[in-house]
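According to TrEMBL, the protein carries these features:
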- 383: active site, 4-aspartylphosphate intermediate (ACT_SITE)
- 383, 385: Mg(2+) binding site (BINDING)
- 383, 384, 385, 487, 528, 551, 585, 665, 666, 667: ATP binding site (BINDING)
- 7-72: domain 'P-type ATPase N-terminal' (DOMAIN)
- 43-60: transmembrane segment (TRANSMEM)
- 66-88: transmembrane segment (TRANSMEM)
- 266-289: transmembrane segment (TRANSMEM)
- 309-335: transmembrane segment (TRANSMEM)
């Protein structure tokens, strides 16, 4: 499949491409293939293969020295125990597949919503999802119950992130709402890339009434996500079943052997060699004796039927000895080690120090080999945010126009440690302030109240340049849904200092500035990504001024500043180094006033680039580079992300065990 082409509400048209339907299969065996496949897997273990080999030898009457059932019984026992375990695992997989494939979902068929099973959903169907539903397949979001067709999803099953992500439908499909008549008449044609496993990328176009619209990942709901805070939404199935990103990512599980397993295999192979050597010596001895003495001794000790030479007798003797001496090979070693492992895994389950009383959670060894697997660890690679830290961000300090805020000083000008008794800033004059927000430096509030221009511009930037979604269930009770906790912390800080981000639509942002409501026109969002390391918005104020606001990593933004900012840059750098030295997360903020004619030309080229099918990302990043230069520096923000309990002690203990720890950043591939 080179690229995928499909038409909404047109099963006959989509059938010709033979796309997979939405049923999934994660099981390995079925009723008929279980025995042959499972036995084939089990005989890949040396011990089992050796038993089988012995059994074949014992069935040959010329060399059989022991009854065949002495081998069959243990072999069948071992195979049966493992086989039953595999069968139960696979039966559970079948059960879960069946459960998932039979989940109900509402599908739009002939203008009516009908309850269908998941497995019967096909590419090109339009389906309706409701709050807390699992997403059935990879969908293109068409419309939802929220303003501007926003949909909140939780992607925990895909990437482990618990904070909600926001998806937004195209304006042209958002108009369909929940009007079944309009949705049935919707006959858009989607062209997009072939199924792949990249969770964060999607490129395609929607052709509707002769117009082309660009599709990207922001409009996609992936299987495995859960709908949250959204009453209902409609989506068009793009990829189903095995073609969904979730299933494309589930690779085959690799079988890991522990070092003890490998050691045992080596030992057994060495013993095999020893056994072969013994049998060889005995067989050669037999050959020599039969040749020298036995040949003349046949009247008393006749040779068995069919044996007519000493060398043939020696050959048969070799295999006879293999059977007699098979107890040399310690097959029971495998069984003993398994039992010891089982005992060790119970020790882990019973470990008092591994028990967490707060939510009654003991340790749980899911595999019996866990103990020795842990013993093999030499390196730990850890993520930082949310693993070593609590992922609860607090706006701690900032630098505005060359002045640093956030520290508390006493009468003599000495810096004071902030603790429980330190006096907090009183935000009660601001009705919309967040009561949970704490700040201790009173001079910043004074600067805001004195209408200091740079300070106002700084907080205005924080309230406009972000991708946070506000929710106001009750009047004045604002809750922010942020995709990253950093953004949430910055927007909350701006909110408390009197620049309250109140509402957003795809075209506007509403901010309450010092009690006065202002609506800014949102003309463009220049997205954040890991190469750009910055994000910008272009807005038109109610007074008609065009401004670009930008926030990003210091190293990147410093390259884009206007030369008039040099002295301010030095002061800010000093503050940044202080903040970074205290382990705070820093960002630099800057702005630029735009010229009307230049902007109109730029936005026209921006629209062309954003609907291009080929090289869309490169074209856009060129345009972003072009407009994000000669910025005026405003200052920097510093956010604290506190360590989780017990992190220093844990690192110390691991260091004692001679385990090396690397902390990696999660935002670079």
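Don't overthink the numbers, they just go from 1 along the chain as shown.
Cβ coordinates are placed from backbone N, Cα and C, and glycine is handled just like the others.
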Query - Whether the transmembrane segment (266-289) meets the transmembrane segment (66-88): three or more C-beta pairs under 8 angstroms - result: no
Query raised in the report: What are the DSSP helix/strand/coil residue counts across the domain 'P-type ATPase N-terminal' (7-72)?
Result: 31 helix, 1 strand, 34 coil
Query - Folded-back contacts onto the transmembrane segment (43-60), same chain, C-beta under 8 angstroms, at least six residues removed - result: 66-68, 70-72, 74-75, 78-79, 265, 268-269, 272, 319, 322-323, 326, 329, 331, 334
Requested in this report: Between residue 385 (Mg(2+) binding site) and residue 585 (ATP binding site), find the distance joining the two CA atoms and give it rounded to the nearest Å.
Outcome: 11
**Report entry** Inter-residue C-alpha distance, residue 383 (active site, 4-aspartylphosphate intermediate) and residue 585 (ATP binding site) (nearest angstrom)
**Finding:** 15
Report summary line: Other same-chain positions with a Cβ less than 8 Å from the transmembrane segment (309-335) and lying at least 6 residues past its termini are 47, 50-51, 54, 57-58, 60, 62-66, 71, 74, 78, 264, 267-268, 271-272, 274-276, 278-280, 282-284, 286-288, 290-291, 294-295, 303
Report summary line: Over the domain 'P-type ATPase N-terminal' (7-72) the mean pLDDT stands at 85
Requested in this report: Tell me the Cβ neighbour count for residue 383 (active site, 4-aspartylphosphate intermediate), meaning other Cβ atoms within 10 Å of its Cβ, over all protein chains shown.
Outcome: 13
Report task. Restricting to the same chain and to sequence separations of six or more, state which residues have a Cβ under 8 Å from that of residue 585 (ATP binding site). Result -> 393, 486, 638, 639, 640, 641
**Report entry** Neighbourhood of residue 528 (ATP binding site) by C-beta distance under 8 A, where only residues 6 or more apart in the same chain count
**Finding:** 534, 535, 552
**Report entry** Number of Cβ atoms other than its own within 10 Å, given for residue 385 (Mg(2+) binding site)
**Finding:** 17
